[in-house]
Amino acid sequence: MAFTAKILLLGSGELGREFVISAKRLGAQVIACDSYAGAPAMQVADGHEVFSMLDADLLAKAIEKHKPDFVVPEIEAIRTEVLADFEARGVTVVPSARATIMTMNRDRIREVAAVELGLRTSRYRYAETLEEVLAGAAHTGLPCVIKPVMSSSGKGQSTVRTARELEAAWTYAVANMRGDRSRVIVEEFIAFDYEITLLTVRSREGVSFCPPIGHRQERGDYQESWQPTPMSSAALSAAQDMARKVVDNLGGYGIFGVEFFVKGEDVIFSELSPRPHDTGMVTLISQNFSEFDLHARAILGLPVPEVRLAGGAASAVILADREADDFRFEGWQRRSRHPAGKSICGCSASRRPGPIAGWAWFWPRRRMRTRHGPLRRRLRARCGLFMGDEGEGPSRPLPQAGGECLGMASTAISS
Ligand SMILES: Nc1ncnc2c1ncn2[C@@H]1O[C@H](COP(=O)(O)OP(=O)(O)OP(=O)(O)O)[C@@H](O)[C@H]1O
Ligand SMILES: NCC(=O)N[C@@H]1O[C@H](COP(=O)([O-])[O-])[C@@H](O)[C@H]1O
Ligand SMILES: [Mg+2]
């Protein structure tokens, strides 16, 4: 069987699964890798490998075994030095080995953005000891945000409001970091009006942008997002200028999720993913080509089409609060339509503790008046997500999500 390209996907979560679907539609063969079996992307890929991608030898062996045309990272926690070696030997690393190295840890990308490119960021210091954390907080002032340099989805992150909480935040960060560097960033807390992800595509044809995505996070983790989100043209163009500078510096082809805080007309660079972004799940319903389609097309060297919005849309996660092998989704078929508009639920098998067990996308039909921050109108969809612990008898509703997922929508286009 002939394929258009062979892709080794490093990380096989929900975002990886959607990427595999997009890449396979373009004729690619995809081998999905992660540290645990049965990961979402493995369920739809042509093959899979289970190993720690932070292990240099195992990572090199997987690349040598499969001889891919493209290595496509889906998470940060990868031994990226190995990718640089293979890039030097002719394997295409997406978007580039430099991009994966610079974004694996927050300190490197912060240096690129704040020092090399002079972009506006929060005030910050790095710390490797409690004493340095205290000095960092003295520099940023309180409240401040403490995050391990290697982590994602808010793991190990805390917002510290009083000096007494600094030690606990340091201990929490070190206990929840990825990788082997006990190093944190201490950041000034930005009391932003709203935050956005600017999906930025870098392809052979140049740099292009998707309409801005607004989102809400809790404890540093994604809850819901909506597209488009209203912002002034001056703020949008400031964000686009900064995004262009960063992606041109990182190089390579693919989609980047560039995160900004916006306060008044002040646009503050936060961080970026050199790949599809969780807040961009909304593009599965809002755009003619999703962030996964755009990533796949840019990587494979295909023309990147103009992005058109189908209407305002929102997406929300359904979070599971514990690891379980035995769970089921109930009732979501009944909820696949909603009186306030069209809502589409996508549910898939869970991943690890704190996992995303499913996603719901909402496509509101009515025009919705909204402000930044908590949105005025809520769409509710009861997905009836149930999870049963092995051997514990009947399934129980998830306490955290309560079997309910909330969608929020902004500036919906009336139909
Ligand atoms: N300095 C800050 N001031 C205010 N809020 C912040 C700050 N840093 C982070 N946050 C909040 O925490 C969220 C997660 O932060 P960040 O994106 O740095 O973490 P992450 O673990 O890399 O998340 P992900 O991998 O999901 O992008 C932000 O989207 C924002 O809501
Ligand atoms: N915010 C990043 C994100 O949502 N990433 C998605 O979740 C999985 C696990 O990530 P994790 O290691 O961050 O839990 C990743 O594989 C990716 O699909
Ligand atoms: Mg982030």
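Using N, Cα and C of the backbone, Cβ positions are placed for all residues, glycine too.
A sphere of 10 angstroms centred on the C-beta of Glu74 (N(1)-(5-phospho-beta-D-ribosyl)glycinamide binding site) encloses 26 other C-beta atoms. The feature N(1)-(5-phospho-beta-D-ribosyl)glycinamide binding site is assigned by TrEMBL to Glu14, Leu15, Glu74, Asp278.
Look at TrEMBL and you will find Arg106, Lys147, Ser152, Ser153, Gly154, Lys155, Gly156, Gln157, Glu187, Glu188, Phe189, Ile190, Glu195 tagged as ATP binding site. Around the Cβ of Gly156 (ATP binding site), 24 further Cβ atoms fall within 10 Å across all displayed protein chains.
What TrEMBL lists as domain 'ATP-grasp' is 111-300.
The Mg(2+) binding site annotation in TrEMBL covers Glu259, Glu271. Remark: Glu259 (Mg(2+) binding site) has Glu195, Ile196, Thr197, Leu198, Phe269, Ser270, Glu271, Leu272, His277 as non-local neighbours, by Cβ distance under 8 Å and separation of at least 6 in sequence.
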Among Glu14, Arg106, Ser152, Glu187, the binding-site residues whose C-beta sits under 6 Å from ligand 1: Ser152, Glu187
Cα-Cα distance linking Ser152 (ATP binding site) and Leu15 (N(1)-(5-phospho-beta-D-ribosyl)glycinamide binding site), given in Å to the nearest integer: 14
Proximal residue to Glu187 (ATP binding site) among binding-site residues Glu14, Glu74, Asp278 (C-alpha distance): Asp278
Candidates near ligand 3 among the binding-site residues Glu14, Leu15, Ser152, Glu195, Glu259, Asp278, judged by a Cβ under 6 angstroms: Glu259
Nonlocal residues around Arg106 (ATP binding site), in sequence order (Cβ under 8 Å, 6 or more apart): Lys147, Val149, Met150, Ile185, Glu271
Close in space, distant in sequence - Ser152 (ATP binding site), Cβ under 8 Å, 6 or more apart: Ile75, Glu76, Ala77, Arg178
